[in-house]
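Read the structure below first, then the notes.
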Amino acid sequence: MSIEIANESGVDIDTDAVLAVARHALDEMGVNQLAELSVLLVDIDYMAELNHRWMGGDGPTDVLAFPMDEGSVDHGPGESAVAGTEPALLGDIVLCPEVAAKQAATAGHSAADELHLLTVHGVLHLLGYDHAEPDEEREMFALQARLLAGWRSTRST
């Protein structure tokens, strides 16, 4: 599996941990090992610009997910993701460490923990999960929590 990461945020980030949590989530979701993912960490101004341009939002957001090769992600939430044998471009996850740090302070955990959560959140969006409806939110957030707990348990051994 190819995961590219670029930190253009100006914030010192443990990119190895971001890569590891993304890889864990993709592996646990059964994503084809030939899949490709890009993770971009950006500053608050660029995130606000992206949020406005692509989502119609005002101001920065924490994470954006841009699926690339939607035809190759032949599944619905909960089904095998990108299970084929051909390379698939999953897409891009864009994270804003500054927004993550603010959210982390409110949530009472570290900025790193928030970035890990947002990375998994972005992966799930690329795989077709959403949280627009209450039942979708429950399913997605429960899966997100399970994936994070599984990843954290591998780091503490």
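From the backbone N, Cα and C atoms, a Cβ is placed for every residue, glycine too.
Per Swiss-Prot, the features are as follows:
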- His121, His125, His131: Zn(2+) binding site (BINDING)
Task: Shell of the Zn(2+) site beyond His121, His125, His131, same chain only (C-beta within 8 angstroms of their C-beta centre) - done: Val63, Ala65, Gly122, Leu124, Tyr129, Asp130, Met140, Gln144
Open item on the list: Out of His121, His131, which of these binding-site residues shows the lowest number of other CB atoms within 10 Å of its CB?
Closed with: His131
- [ ] Give the sequence-ordered list of residues that share a chain with His125 (Zn(2+) binding site), lie 6 or more positions from it, and have CB atoms under 8 Å from its CB.
- [x] Val63, Ala65, Pro67, Ile93
